[in-house]
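In what follows, a structure is listed as structure tokens, so that the remarks can point back to it.
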Amino acid sequence: MKLDGYTRLAAVVANPIKHSISPFIHNRAFEATATNGAYVAWEIEASDLAETVANIRRYQMFGINLSMPYKEQVIPYLDELSDEARLIGAVNTVVNENGNLIGYNTDGKGFFKCLPSFTISGKKMTLLGAGGAAKSILAQAILDGVSQISVFVRSVSMEKTRPYLDKLQEQTGFKVDLCALEYVSELQARIAESDLLVNATSVGMDGQSSPVPENIVLPETLLVADIIYQPFETPFLKWARSQGNPAVNGLGMLLYQAAEAFQLWTGKEMPTEEIWQSLTEKYQ
């Protein structure tokens with residue numbers, strides 16, 4: 001990697017973040033595209049967020065990525081928001097356009113790009129969870145023309161989830177069905193008519209638990225996706241594959257949301273196939 005007086009910085013900002021795979025992805029991309037850039041991880045306190053954003057202008061950076069807990073907190077410090085960032089209410093990418101800081105959310109686009117030979121337009125989706133990743137997938141699905149979305153959360157989370165779905169309906173005219181995860185018969189019925197089933201919860205990161213009961217029967221044509229990428233195969237994905245269904249983990253989402261950010265910063269396409277090979281060799 002070339003480092004000199006002309007090198008431009010990009011960074012991922014979060015807390016914690018030292019475990020991040022993003023520097024590996026972006027620095028490989030800078031090198032592969034002969035871009036004079038370097039990407040680092042900044043673990044900061046909330047009190048340093050305003051100054052960190054100011055440094056994007058000060059040091060003429062490409063921009064930054066954001067992860068928890070700063071995806072929403074960063075918004076007041078930005079000059080503009082993209083349509084999807086406004087709809088989601090969260091930003092994962094800030095682009096420095098000649099000192100004008102624009103917030104984007106590439107998570108949803110990254111998720112749908114990682115699905116093999118699948119487009120969400122006109123399809124039905126069942127989504128487990130309603131956190132930050134789920135919101136980005138929800139909003140992008142609506143923007144891309146999904147025909148039906150069923151969101152399942154634990155009954156204790158229903159009240160907290162409904163206001164966001166109501167806001168989405170106000171802004172887009174699209175009604176999302178909200179259901180309790182404990183109602184297994186309803187979960188089975190929704191999955192049976194779906195084209196895509198997504199686990200957007202953290203259940204399965206322990207390598208042992210699954211967000212759905214194992215007696216759920218999956219339709220043959222259903223594509224199953226999990227946003228988790230460590231472990232590489234969660235119990236949820238293993239269960240789906242045991243029924244003969246195609247199943248995708250979250251590593252592709254991580255790569256393709258990064259590719260969207262990289263293009264916004266540099267105007268260049270990230271060589272995703274080459275980097276995917278490096279990623280799977282390193283993290284599988």
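Glycine is treated like the rest: Cβ placed from N, Cα and C.
Taken straight from Swiss-Prot:
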{"type": "ACT_SITE", "residues": "K71", "note": "active site, proton acceptor"}
{"type": "BINDING", "residues": "S20, I21, S22, S67, N92, D107, Y229", "note": "shikimate binding site"}
{"type": "BINDING", "residues": "D83, G129, A130, G131, G132, A133, I227, G250", "note": "NADP(+) binding site"}
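Taking the features listed in Swiss-Prot, we show where each one sits on the structure.
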{"residue": "S20", "record": "shikimate binding site", "Cβ contacts under 8 Å, 6 or more apart": "V12, A14, A41, S67"}
{"residue": "D107", "record": "shikimate binding site", "Cβ contacts under 8 Å, 6 or more apart": "I88, N92, G132, A133, S136, I137, Q140, M253, Q257"}
{"residue": "G129", "record": "NADP(+) binding site", "Cβ contacts under 8 Å, 6 or more apart": "V151, F152, V153, N199, A200, T201, P211"}
{"residue": "A130", "record": "NADP(+) binding site", "Cβ contacts under 8 Å, 6 or more apart": "V151, V153, S157, K160, T161, Y164, L165, A200"}
{"residue": "G131", "record": "NADP(+) binding site", "Cβ contacts under 8 Å, 6 or more apart": "A200, T201"}
{"residue": "I227", "record": "NADP(+) binding site", "Cβ contacts under 8 Å, 6 or more apart": "F111, A133, I137, V198, N199, A200, G250, M253"}
{"residue": "Y229", "record": "shikimate binding site", "Cβ contacts under 8 Å, 6 or more apart": "N249, G250, L251, M253, L254, Y283"}
Worksheet item: When you measure from the Cβ of I21 (shikimate binding site), which residues in the chain that are at least 6 apart have a Cβ under 8 Å away?
Response: L254, L279, Y283
Response to the item:
Same-chain, non-site residues whose Cβ lies within 8 A of the S20, I21, S22, S67, N92, D107, Y229 Cβ center for shikimate are V12, N65, L254, Q257, A258
Worksheet, complete the sentence: Excluding its own, the Cβ atoms lying within 10 Å of the Cβ of G250 (NADP(+) binding site) add up to 22
